[in-house]
Amino acid sequence: MSLAVSLRRALLVLLTGAIFILTVLYWNQGVTKAQAYNEALERPHSHHDASGFPIPVEKSWTYKCENDRCMRVGHHGKSAKRVSFISCSMTCGDVNIWPHPTQKFLLSSQTHSFSVEDVQLHVDTAHREVRKQLQLAFDWFLKDLRLIQRLDYVGSSSEPTVSESSSKSRHHADLEPAATLFGATFGVKKAGDLTSVQVKISVLKSGDLNFSLDNDETYQLSTQTEGHRLQVEIIANSYFGARHGLSTLQQLIWFDDEDHLLHTYANSKVKDAPKFRYRGLMLDTSRHFFSVESIKRTIVGMGLAKMNRFHWHLTDAQSFPYISRYYPELAVHGAYSESETYSEQDVREVAEFAKIYGVQVIPEIDAPAHAGNGWDWGPKRGMGELAMCINQQPWSFYCGEPPCGQLNPKNNYTYLILQRIYEELLQHTGPTDFFHLGGDEVNLDCWAQYFNDTDLRGLWCDFMLQAMARLKLANNGVAPKHVAVWSSALTNTKCLPNSQFTVQVWGGSTWQENYDLLDNGYNVIFSHVDAWYLDCGFGSWRATGDAACAPYRTWQNVYKHRPWERMRLDKKRKKQVLGGEVCMWTEQVDENQLDNRLWPRTAALAERLWTDPSDDHDMDIVPPDVFRRISLFRNRLVELGIRAEALFPKYCAQNPGECI
């Protein structure tokens with residue numbers, strides 16, 4: 001009896017144990033499946049190589065060139081080498097230089113790999129200062145190449161994204177080459193099939209480093225492979241042409257995520273020159289303040305796109321951020337805060353940095369209108385009222401937007417202050433044949449409150465001529481060859497001599513003033529509000545009233561705008577068009593949006609003014625090839641830390657031709 005009970009108990013214990021073991025096994029199996037499922041969700045198409053390391057999902061694709069288009073196909077590994085998107089794009093179809101060369105280009109289909117440490121410079125010029133400036137430009141060229149490699153290291157591949165490293169300041173960072181970074185990680189140093197890249201830059205003629213609309217910007221570039229060495233030669237007549245050659249060379253180099261090396265063409269030839277002399281971007285730093293670093297970042301993009309004029313709208317009625325040596329009261333009374341100011345050193349630093357990238361800084365102190373905050377201290381200094389209508393309400397009676405403010409045209413101290421500021425700015429930015437006086441949107445009702453003059457427009461004319469005379473005194477008694485003013489009711493008269501003044505036309509492209517200004521003999525710079533104003537289309541920023549301008553100007557709008565063709569200008573009139581400029585007024589833009597509001601739309605203007613491609617196919621439709629090239633250029637901007645706006649879904653960027 002006791003034996004039977006013992007047996008039953010033993011069987012019960014065994015059964016319980018078996019059930020427990022089966023339960024544990026079943027539960028573990030479920031967990032394993034769940035983990036595998038979750039991992040599959042996280043890495044939907046992950047594979048492993050022979051050593052067991054996971055293969056990134058993007059490397060399961062390769063690209064092949066068919067009918068000048070890169071086609072994405074599955075890559076199964078062992079028999080054929082994977083071709084990355086960027087390497088396919090750079091060797092398939094038309095030349096991938098932005099802006100497109102105007103004269104001659106030839107790129108081989110064969111490419112070579114190398115590391116940034118393999119690149120060396122030799123300068124051939126009779127001018128010592130040009131040699132020094134080219135060495136500076138080349139140093140920054142190498143830093144840009146290192147930045148591209150650094151960006152890839154932190155996780156970007158053939159289609160870049162804005163990484164943590166690229167969002168930080170790029171101008172004083174101690175960046176190491178990517179080959180070194182990868183070597184430290186994997187224990188080996190990557191070596192390309194080139195052992196040396198020798199860059200020779202020859203400046204044949206001018207030793208002048210001063211900016212002028214007469215600068216020779218032409219250049220020739222060639223590369224030739226000799227064994228394991230690549231010979232690069234850039235030939236130009238001036239520093240400015242040579243600098244554009246460096247920008248082109250930078251666009252002939254790319255970073256391949258397959259071997260983590262830089263690549264370029266085995267052989268190439270480019271001969272290039274701009275169609276227009278003035279290729280500008282205007283940034284308003286009064287309505288919002290922008291740091292020196294953000295301005296430099298903008299200039300980097302301009303240099304890569306071969307733009308040559310940074311128009312710095314330094315002050316306006318909203319604020320006066322510039323700290324004048326002679327009249328610091330302007331910033332004390334006019335800046336938003338102590339930290340939101342530009343010192344003399346800041347302006348010099350920006351100008352010197354811009355020259356490295358072939359960009360001239362053109363500062364503008366708008367006058368007599370658009371001058372309010374910062375100008376209210378005159379009576380305390382015994383200088384009388386320097387400005388009128390400052391912050392006056394209702395603002396719509398006395399200015400175009402709040403706050404109001406207009407300089408006093410009958411106070412001699414007003415002109416003395418302007419002369420001193422002009423003198424300072426010319427010292428900071430260097431000798432020039434171009435200066436901007438402002439001069440637009442004067443509200444005559446403001447002055448009418450204070451003066452009984454029957455010809456208030458004549459008072460406006462007198463002010464501009466006085467400002468011109470003071471500029472001449474500030475410039476050692478010589479007026480710059482081109483003194484610019486904004487188009488206005490005043491430029492519709494013959495008050496300002498056409499031999500001295502250039503008009504920046506901001507009104508609509510169909511307005512009669514476009515024709516009248518040319519007929520009256522003025523040189524012009526086009527900045528039409530309906531095409532090249534980049535602040536439009538974001539709605540009204542006031543509680544009442546419509547937006548200042550709408551709709552949004554797409555990069556296609558910017559690109560297709562050819563006013564000289566649509567106006568059917570003859571050769572004489574077209575010669576009066578110095579070029580064009582996109583404008584970024586900053587009522588609704590601060591440093592957080594600057595990059596994506598500017599880029600890549602500004603690049604669209606760059607090609608319009610450098611290349612001026614024809615409208616043979618359609619005046620309104622952008623050719624598909626342009627989409628592909630500007631997409632690649634946009635990616636280059638992102639690699640340099642510029643947060644350029646996306647053009648279309650990433651799928652479309654990786655599959656050219658399927659979306660457009």
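Cβ from N, Cα, C; glycine included.
Under the heading signal peptide, Swiss-Prot lists 1-36, citing sequence analysis as support.
Here Swiss-Prot flags Asn210 (among others) as N-linked glycosylation site, drawing on sequence analysis. Sequence-distant neighbours of Asn210 (N-linked glycosylation site): residues of the same chain at least 6 apart with a C-beta under 8 Å from its C-beta are Gly430, Pro431, Thr432. Asn210 (N-linked glycosylation site) carries neither a helix nor a strand DSSP state and counts as coil.
What Swiss-Prot lists as N-linked glycosylation site is Asn412 (among others), and the listing cites sequence analysis. Within the same chain, no residue at least 6 positions away from Asn412 (N-linked glycosylation site) has a Cβ under 8 Å from its Cβ.
Annotated N-linked glycosylation site per Swiss-Prot: Asn452 (among others), in sequence order. All protein chains included, Asn452 (N-linked glycosylation site) registers 6 other Cβ atoms within 10 Å of its own Cβ.
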